[in-house]
Amino acid sequence: MVMEEKPKKLLILYASETGNAIDAAERLGREAERRGCPVLLLSVDDFDPSSLPDQEIVIFVVSTTGQGDNPDSIKVFWKFLLQRNLTQNWLSRVNYAVFGLGDSGYQKYNFVAKKLDKRLSDLGATAVVERGLGDDQHSSGYEGALDPWMSTLWKALYQKDPKLFPKGPELMTSNMSLMDQPKVQITYHDVVEGTSNFSSIPDVKLLEMQIESTRFILPGKLAGKYSPECFLKMVKNDPLSKAGSGKDVRHFEFEAVSSSIEYEVGDVVHILPGQDAAAVDAFIKRCNLNPESYIQVQVNDNKENEQSYDLRNTLKVPVRLKTFVELAMDVASASPRRYFFEVMSYFATAEHEKERLQYFASPEGRDDLYEYNQKERRTVLEVLDDFPSVQMPFEWLVQLVPPLKTRAFSISSSHSAHPNQVHLTVSVVSWTTPYKRKRTGLCSSWLAELDPQKSGLIPAWFQKGSLPSPPPSLPLILIGPGTGCAPFRGFVEERALQSQSGPTAPILFFFGCRNEENDFLYRDFWLFHSQKGGVLSEEKGGGFFVAFSRDQQQKVYVQHKMREESFKIWNLLTEGAAVYVAGSANKMPSDVLLAFEEIVSKEGGVPKEAAVRWLRALEKAGKYHVEAWS
């Protein structure tokens, strides 16, 4: 009797920062399975890089963060690939494909995918297809590039090894056969059983347990440490911008409640926002759920399919269903993914709704779905309300509703100046969609509405940002327009303290805002440190320069002020200064870099190309840092 050969598994590795690369990787996995090819889907930090030469075919899905940075999950893997002892034929038996997710509005567009593609090739691996580059700026987002790239990939893989797709690259099994089982299983407990364990546990400890018990549904190591490092309590909520100016920028101060906090200037704090109680109640009601029931969520142990969705634990303790939704499921801020619409179509009982959902989930309906969903930032709750005949089982909702993510903020205080406190400078985000619907940022608007007198416990995690803490002897050139000034408030506070006990190097700080009257953030603070021997004062070799972009006919930005002070900048650069740039990712970082190129060329008396090389060397030496956000 001939043993039937077990089909090969297609290995898909992803590196994600916000979750988009996970979505793209899961989509690739589903499409491969529909063609009869089993899949192993892993976060790249769950894969042993030393076993890479043993893989026949690997698909990489990687995002680029910030200014061309690696997502955290790929850092160890990338370091391994850069080892000098790896030879040019180390991966000679490996076939690979790379799909990148990026934003062409940034200078280093899809940088991580490009450098990974080159490095794999340099180590002897063979590309099955040309790398695909998804672009957030595309009218359909990254899927605009993913759809055609996938189609090419299946054909190329089939040519390479027909056994991967036993019935050809086009033939797909009925989606219904893949719909039988969601990836999670929910056990319901009666109320008495669920609550009896918690009565004697203090509030902080209980919240910590609940967060730890719900956060594991975040894919990969996106959740970081499941348990918060500490809990914060808001003690100050002050407006920094003038009322009616069209901007709402706040200064928040928090104190650590549960444990002492440790951070350095330049670090970042991640905050888990609260959700609107009415929206959570409306979601629970719309889905016919009992908010008071106690649940445990487990991963379905499907041995046949090792597809790792990285729901890596089970709920350690039963948790109230409403608490689970509040802490883990983003029901009224994030937009659902394309797969959500596909699964909804199976549960729609009204024919016209089913047809519309099937159209949205199809390649033909991709652009219309993008218009309806992502561009309008439709929430899960709004989508469910638009398709009232759909009743999705809670298991599918837990799997498919976008997870509630933490939000990252640059810290705007020095821990030395404010022990046990952390300060933030936050612009309250609001915008109007193409169909004139008002939208607000979940975390910033939630923080803005908190009353310091009644503030509850805020879960927080601390992390290194892109701006390393500078030693007191290092001269600094800081460029931080708008809320980009946040980390530099911490830098200046810290250096002012250091200057009391010894000599410190000078700081040049370039700040920018629209109007002197409306949004000159921390005006008194900067002016205080600019006079009488302060760390920004001229007598200390420093300087503070402000560009008010709208206070005159011609717009004036930080880069204009930099050119005016080119002599001072060049002098400080020749003394070994480090450059720090923070603020909006739009055009500012590239405009600032261009200004530096002109300054180095003019003051150093060298051609533009030499100035570009000089600044590249400065960056390589760890003396040119950018932290930008969109």
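In case you wondered, yes, glycine gets a Cβ from its N, Cα and C as well.
Keep in mind the model is a prediction, meaning the values are calculated, not measured.
Annotated features in TrEMBL:
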| type | residues | note |
| --- | --- | --- |
| DOMAIN | 10-154 | domain 'Flavodoxin-like' |
| BINDING | SER16, GLU17, THR18, GLY19, ASN20, ALA21, SER63, THR64, THR65, GLY66, ASP136 | FMN binding site |
| DOMAIN | 227-475 | domain 'FAD-binding FR-type' |
| BINDING | ARG377, ARG407, ALA408, PHE409, SER410, GLY441, LEU442, CYS443, SER444, TRP629 | FAD binding site |
| BINDING | THR483, SER549, ARG550, LYS555, VAL556, TYR557, VAL558, GLN559, ASP591 | NADP(+) binding site |
Reported as an integer number of Å, what is the Cα distance between ALA408 (FAD binding site) and ASP591 (NADP(+) binding site)?
25
When you measure from the Cβ of THR65 (FMN binding site), which residues in the chain that are at least 6 apart have a Cβ under 8 Å away?
GLU17, PRO71, VAL112
DSSP residue counts for the domain 'Flavodoxin-like' (10-154), split into helix, strand and coil:
58 helix, 34 strand, 53 coil
For FMN: widest Cα to Cα gap among SER16, GLU17, THR18, GLY19, ASN20, ALA21, SER63, THR64, THR65, GLY66, ASP136 in Å:
15
Across the record's FAD-binding residues ARG377, ARG407, ALA408, PHE409, SER410, GLY441, LEU442, CYS443, SER444, TRP629, the largest CA-CA distance in angstrom?
25
Using Cα-Cα distances with a 10 Å cut-off, which of the binding-site residues THR18, ASN20, SER63, ARG550, VAL558 are near SER410 (FAD binding site)?
none
Please determine which of the binding-site residues listed here (SER16, SER410, SER444, THR483) has the lowest count of neighbouring CB atoms within 10 Å.
SER444
Which residue, of the binding-site residues THR18, ASN20, SER63, has its CB surrounded by the fewest other CB atoms within 10 A?
THR18
Identify all same-chain residues not among SER16, GLU17, THR18, GLY19, ASN20, ALA21, SER63, THR64, THR65, GLY66, ASP136 whose C-beta atom falls within 8 angstroms of the centroid of the FMN site's C-beta atoms; report them in sequence order.
PRO71, LEU101
Roughly how many angstrom lie between the C-alpha atoms of LEU442 (FAD binding site) and VAL558 (NADP(+) binding site)?
30
Compare all C-alpha positions of THR483, SER549, ARG550, LYS555, VAL556, TYR557, VAL558, GLN559, ASP591, the record's NADP(+) binders, and send over the largest distance in angstrom.
19
SER16 (FMN binding site) to VAL558 (NADP(+) binding site): how many Å between their Cα atoms?
33
Within 10 angstroms of the C-beta of ALA408 (FAD binding site), what count of other C-beta atoms is obtained when all protein chains are considered?
15
If you count Cβ atoms within 10 Å of the Cβ of ASP591 (NADP(+) binding site), leaving out that atom itself, what do you get?
15
In whole Å, note down how far the CA of VAL558 (NADP(+) binding site) lies from the CA of ASP136 (FMN binding site).
27
Using Cβ atoms only, which residues of the same chain lie under 8 Å from VAL558 (NADP(+) binding site) while being at least 6 residues apart in sequence?
ILE479, PRO481, PHE510, PHE511, GLY512, ALA547, MET588, VAL592
